[in-house]
């Protein structure tokens, strides 16, 4: 297990380096002198230009610059954004709201997606199954920003069931509606995945054996069907974190959640490249780590998988 | 005559017991490897090895098994996977509805002038501020935007850009992802390793996030349009198709017909192009159809965020982006493009879903 963990962590390194190198290359290796951007219209005096060149390692070759950036990234120094604020402190302020939002979305999609999917899969072909299958496709097809506006309009404004926008504190209760909007598309996908896996496993030999042994239906469903169906779902939930982070940009914009997505959106509209790169790099790290955690979960879900 | 026979036999052989099936398959394999040239029989055996397609000829009472399998049309087999799929599909209401909707969307995209009441591109005369946020009226069934433009005509005119991005991105992803996946799967070894890691790097950047970064580049900012968006979406979309293609190729790589083609001296490229890729296409087509919908969503999301298509270009995403600020007083200019967008995406996803069921007989039996 420990050896497997080390191996996976080592495999993570080239992916992480490659992804950040890609982002770094895309943003920093574009035509135009960064000094022009830093000095504005009037231009710098030679002394200031030399100091800036030294500060940002502008004289170094590309790979040296990149390694400076990675070194800074790993030590938590993400540079400053266009308004001169430390990117790391902006992120520290914005992260809690986004994490709360993502947790609500993940819990929503996991609990409801798996429950509905289990029920549909056990009664494959029934009315519930057919209805849910079509409805889930509809939910998947509606883009998240349309979904967000519609939910905000009806649930928040017309019916007054939830606050249409989020307060500055972004409490758990404020974030329920945006969290559900964020998780809705993935909920439909979790439902479909669970349904397929459950209906496949329900007719497996070991399930028939378990029933023949006289186990209760509840135990057969819980231990023999559901647990065996969880591997594709767990993989999806890990991958889904990437989609959630993309979706958070839209959802946080609509509901005015003071989170990472909102900051990223602001940086985008301002053309604040350092901020965009930093935020995306942090998101890539989270995404990679989440997928590692999912890999480790496999062992718990399916003891046959040994990490040799 | 032979065609008619095939039809009847197809219906009959579903009821064959497994042993008879195995026997038929074995006899056919012997006859095929013995008699048909290498190039022409790849597909039927390919179906066998992937388990996708099972079609058996039931011999007439008087004929021997060998002549029976021999009389089987070699060209008939590859058609029958798709013909079988088609037989399944045309009975499905979701497929019929999705296909009709897609045809409608394509017609609207090609000939918008047949549908709109006024050409929204000649906007100077058409968007009147006196109509600002106006309600639906005769000739303007969807009301007006804040700028006084006719929502209906804009929805019609926006179809083309969204569909083009979806379609060309899908073509690009299938070509690039397909080639990379096929090379990785066929050659294996270090090529596979390098290509897999390369795919991981692009896969680690979620589509929207990656596109956000690339669209920030000065070059892409200066040349915003359908083609830049297609390039960006292909850049981050290809690993998915590559993985599927690789898996499908690995599955058929060591099939008997590939071994026999190789021993007959067919070059690697020839084997890849004529034997392996055609047999690995079914899962790729399914995923590509579904992806077409998701690429349209990605386009509209980027346009909504203000970094997709340029502001002047009419597309559903841009229209929704323009109308979002006045949403609470006038939700209709958001609702109608949103509905058009959702229905289009839904059609492609439903089509892909139906295709998957039809092309995978294993799932159908249960």
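The backbone N, Cα and C atoms fix where each Cβ goes, glycine too.
Curation plays no part in TrEMBL annotations; they are all automatic predictions.
Annotated by TrEMBL as transmembrane segment, the relevant range among A:60-83, A:132-155 is A:132-155. Checked against TrEMBL, the range among A:194-220, A:275-301 recorded as transmembrane segment is A:275-301.
Counting only same-chain residues 6+ beyond the ends of the transmembrane segment (A:275-301), those with a CB under 8 A from a CB of the stretch are 1, 5, 8-9, 12, 15-16, 19-20, 23-24, 27-28, 73, 78-79, 81-82, 87, 90-91, 227, 230-231, 234-235, 237-239, 241-242, 245, 260, 263-264, 267-268, 307. Long-range contacts of the transmembrane segment (A:132-155) within the same chain: residues 116, 120, 161-162, 164-165, 177-178, 180-182, 184-185, 187-189, 191-192, 195, 247, 250-251, 254-255, each at least 6 residues beyond the stretch ends and with a Cβ under 8 Å from a Cβ of the stretch.
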